[in-house]
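Feature annotations, courtesy of TrEMBL:
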type	residues	note
BINDING	HIS49, HIS135, HIS139	Fe cation binding site
BINDING	ARG83, ARG84, ASP85, ARG86, ASP410, ARG414	gamma-L-glutamyl-L-cysteine binding site
DOMAIN	12-143	domain 'DinB-like'
DOMAIN	169-425	domain 'Sulfatase-modifying factor enzyme-like'
Amino acid sequence: MSPDIRLSVAAELERTRARTETLTEAVDDTDLIRQHSPLMSPLVWDLAHVGNQEELWLVRDVGGREPVRRDIDELYDAFKHPRRDRPALPLLNPAEARAYVRQVRDKALDVLDSVRMDGRPLVADGFAFGMIVQHEQQHDETMLATHQLRTGPPVLAEDPPPPATAKIKNEVLIPPGPFTMGTDVEPWALDNERPAHQVHVPAFFIDAAPVTNARYAEFIAAGGYDDPRWWGEDGWAYRVKAGLVAPAHWNPDGETYTRFGRTERIVPDEPVVHVCWYEARAFARWAGRRLPTEAEWEKAARFDPATGRSRRFPWGDDPPEARHANLGQRHLRPAPAGAYPEGASPLGVHQLIGDVWEWTSSDFHGYPGFRAFPYREYSEVFFGPDHKVLRGGSFGTDAAACRGTFRNWDYPIRRQIFSGFRCARDARPEELA
Ligand code: AVJ
Ligand code: FE
């Protein structure tokens, strides 16, 4: 590992830990050990789990060091205990958890200083460190979702997102033809983003921005939640069972939502958030459209028609800056459609990165030639029809865990995540200029 990589990894680890501390120090100990929803872990579980993964991969595996706390591995193994059962476990208390993650971090930094480039793929380009930075960032987003489910007065500071400045089209034509999906070159890409492969994508139209609250409210007003035609058998069964009538966190008045403890009027031109895949699909069908496939989403986000190559991000290959996208928990809400003209793709598709995770129509599968790395439990065990792919990251996602190739997945009923969507449709032959 070059000295440069060591320095940047250390900075990323520190920056990430600062966010973890904000999320876990904003509430008192009672709140940290409480379960705010059966869908989520107590925050203190996430905290120690982050430390435990860092211990497993960096301290023990990469560093070859003695365990810090071998006795707690089982408690923080996400596959051993479902979230709903975690509050009943003999977890580290908040003070113990803080001391534990500190101790692990000191050892991990020591490993970072001394580890030799010895040809192990896990060590090459700092991958294991990048994986651990991303893992903690992913849990920071999960903890932010837990904060959204918590009741009580606000504890997180607000910083409003930029206003809409660009006038954007309704939809954009993406020309037909092959493009490169996935990557072999992103140093911190996870196994499910690899390998790069060619995919032929027929011409299609995609919304220039995510579906807004105003558009979504039209669907509600048109009786969309009461019409089984839009939902499909599976979606309708869930819609009825769960009593869905609006996105999560919209209040019964139909005019306000509650975010991180603050109740405010629904902003019409903000992307809708906290909808499940069934709601997204129902809206799309009602609108005479459909969800994009994952390949369509990635082509819209990465394909550069001038060169034919796939970019890292819609705006190019440079890492995300504040002017490009609403990422990193800077703003605790999506920004209005048109707020990030500098983040648009060459063809004029806006806000693909940041704001809201976007549901696609695709099931989560490995790409052709997929190889699990470094462990099957990161992705492979979730492959199959039960999980739908989401793309693009949200306001709660850090730049380290977000890029044009990044794939997220969840059950089609989930809406405690920062999930929205945009629509697509096939292009008719006469629409191809
Ligand atoms: C990629 C967001 C689905 O939170 O379950 C965290 C990320 N994997 N710890 C999740 C993850 C292991 C994962 N998602
Ligand atoms: Fe995890």
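From the backbone N, Cα and C atoms, a Cβ is placed for every residue, glycine too.
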ARG86 (gamma-L-glutamyl-L-cysteine binding site) versus HIS49 (Fe cation binding site) - Cα distance in angstrom: 11
Binding-site residues compared (ARG83, ARG86) - the one with the fewest other Cβ atoms within 10 Å: ARG83
Segment confidence, the domain 'DinB-like' (12-143), expressed as mean pLDDT: 96
Residue counts (helix, strand, coil, in that order) that DSSP gives for the domain 'DinB-like' (12-143): 89 helix, 0 strand, 43 coil
Between ARG84 (gamma-L-glutamyl-L-cysteine binding site) and HIS135 (Fe cation binding site): CA-CA distance (Å): 21
Residue with minimal Cβ packing [other Cβ atoms within 10 Å] among the binding-site residues ARG84, ARG414: ARG84
Alpha-carbon spacing, ARG83 (gamma-L-glutamyl-L-cysteine binding site) to HIS139 (Fe cation binding site), which is rounded to whole Å: 13
C-beta crowding around HIS139 (Fe cation binding site), within 10 angstroms: 22
Distance, HIS139 (Fe cation binding site) to ASP410 (gamma-L-glutamyl-L-cysteine binding site) (CA atoms, angstrom): 15
